[in-house]
């Protein structure tokens, strides 16, 4: 059963075709890697998926629901959570608040609840608080709960961004270069963390340049070059794919 | 009658254009608004006024000294208000110059009093007839001086090393720095140039209406800023065109609808432009990076 | 039963820092007995002014401090509230008790309107738009003479009455503004520490990331403007009846700058900081009484110096609550996500 269905999507910036007639299906419960040389259009695909850029042509479905050109907050509420290539935490807020904000789409309290603190609002606050603490504990970040997010080390910030995304109980988690700038030990730890999420049945789509990570973590790999999909398949197949090798090393390699 | 309103509008518009160029130049190199620019214009006006009344200098000398004085004030503003905040968030320098504007305005009030000062000019208004419309000496002065200054500015911007550096910084500050442009020096020079033009505008407007007062910079600054926004915020020709459009529209509104709406019209234009087309007439679009 | 109420009590008490609590209590007592301690009308008038500015500044703080949306036209909402209330009472003979909330709602409505441009405008552009809005409102108040009498102002705004008893005493106004301040403070404290308040802060920190968390940023920004403006409108209504006379100059740009200075001096997004800023900047010009013309220089200077020396304000970025990790704090949730599916991790 495919959870995400990208159907012949095209995105142009002026004369440049950043994403060209791109299609992909992501199956429920899988980890899929999206790789390709710099400027291949990977992050643009993520930005189309999350509604940050409007799609020029094509459709995107999450389950049966069309999310093409929906506002980013609607797509997030529909169940797509993401992290960013250059970490975008709420730096001046506490670690706990970052995670609680991640749970925003699962809450309902509005002005009335905020001011009058009725039963429903109090219960929701307690649930969100408990869930946030629990997620932080599971990720080993609980001791930093009242620390400002901006004060965490780089590796912990990357991890916190994932935890923040998880707080929204996503159906699909999108990670944009989660291991970028990490040392080997941090990368190792990250991989274990992602694997645990996968074990629980979460569907994950990630962009990564660390081939070792991609090949060992992903069940399927999609390769992009010049905005187009040039290959798709299990890692061992991609490794030996001629088009892929050419895209990375140039023709005749 | 209509032609006369157009001429009045053009004169007023040239003033907005001169002040607006300062906003555009500064926004070009720093991406920031200089909220005290209207006060620099006011200081220019008062320097001119003092030179004429206290030192009995001829108008052209007063004008030159006002330009120099305002340029120096602009240089100081950059040094004390913008340079220390180069790495601070955007709102910091905005609020800082906002504070400076309030301080300068009220300091001027303490020094010169809040009443309007006038030159003891011979009141025989020399006026020319221009296709049936009256064209005063002061208007001719405004047109020639502002045209001269704008041509001079274009020369600096496009035919000098400094101008090239200013344009380079406006394009990409880091790249300009890597190419060996002394960023701080060029930004300071940009402030001096923009402020000098503002100072000239102050003297011209003071002569035009024969009125010098400490709060004259507030409205004029806001309206010149509107003109700049209309033109695209970083574009010098845009600021000129925006200033002239605003001056003409204002005068026509005041003459044919109600003088109470004169000031209102500028702000309505400001909000409409910002809302409908924030990039103005000549501006570049804004795209958020992800 | 005893045990339950006891544990409830301890859990509540744990949340409030003991020192802080006694400090607030002392302050409240001081505020309550101030009129007894000083018989001077002057002291009472300054204290009442402080209250008005606290309400105004707390409203602006929600928009600028928490949601991060610069507003340079705050006095417009103050003016809209003042004129709405005064005109309702004077022209339509409405009761003050109706005019007060109506003033808040009218200001909130204009807050919604001004919030709309925030969809597309940020930072400098937004600041300028709000400045323009403030000027437009002032110019309309000045030029719509049929309604507002323009620069002649509205004299003789009546004081409220309560079941036929006229409440025009200075004591009434003093205690009434104290109540308004407390209501505003409690409302703001609750708003800020809620799903809505966190959403606003997320928008300030990183709007794009906020959107990606499912926050409808446009809506929340508009809501922030509306709530903040509501309190400014209430302050305006109070001011109109208290001073019995208003004219457009009361709501000019300088007033917007004054309120902004209060928020910035005390420290954006610190409620005690904003109260401090409002009180200090209301008192300061009174202290420098011989030279009232220095008032605006002081405000301008404070804006400059705060930005140059301590951009986060005096109280900004200092206080931080410790998060409780006790089992009862953690265990309150009913359906934790991914529970028991993750192996426990040390650390």
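Cβ coordinates come from backbone N, Cα and C, glycine included.
Record features (TrEMBL):
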type: TRANSMEM; residues: B:15-33; note: transmembrane segment
type: TRANSMEM; residues: B:63-80; note: transmembrane segment
type: TRANSMEM; residues: B:92-112; note: transmembrane segment
type: TRANSMEM; residues: B:140-158; note: transmembrane segment
type: TRANSMEM; residues: B:186-209; note: transmembrane segment
type: TRANSMEM; residues: B:229-249; note: transmembrane segment
type: TRANSMEM; residues: B:261-282; note: transmembrane segment
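Outside the transmembrane segment (B:261-282), and at least 6 residues removed from its termini, the chain residues within Cβ reach (under 8 Å) are 219, 222-223, 225-226, 229-233, 235, 237-238, 241-242, 246, 249-251, 253-254. Only pairs six or more apart in sequence are counted, and the transmembrane segment (B:186-209) with the transmembrane segment (B:15-33) gives three or more Cβ pairs under 8 Å, enough to call it a contact. For the transmembrane segment (B:92-112), same-chain residues at least 6 beyond its ends with a Cβ under 8 Å from one of its own Cβ atoms are 30, 32-36, 38-39, 42-43, 46, 77, 81-82, 85, 214-215, 217-218, 221. Only residues 6 or more beyond the boundaries of the transmembrane segment (B:229-249), in the same chain, are considered here, and those with a CB under 8 A from a CB of the stretch are 5-6, 9-21, 23-25, 27-28, 150, 153-154, 157, 170, 223, 265-266, 269-270, 273-274, 278-284. Listed as Cβ neighbours of the transmembrane segment (B:15-33) (distance under 8 Å, sequence separation of 6 or more from its ends, same chain) are residues 40-41, 74, 82, 90, 93-94, 97, 142, 146, 149-150, 153, 166, 169-170, 173, 186-187, 190-191, 193-195, 197-198, 200-201, 204-205, 208, 220-221, 223-225, 227-228, 231, 233-236, 238-244, 246-247.
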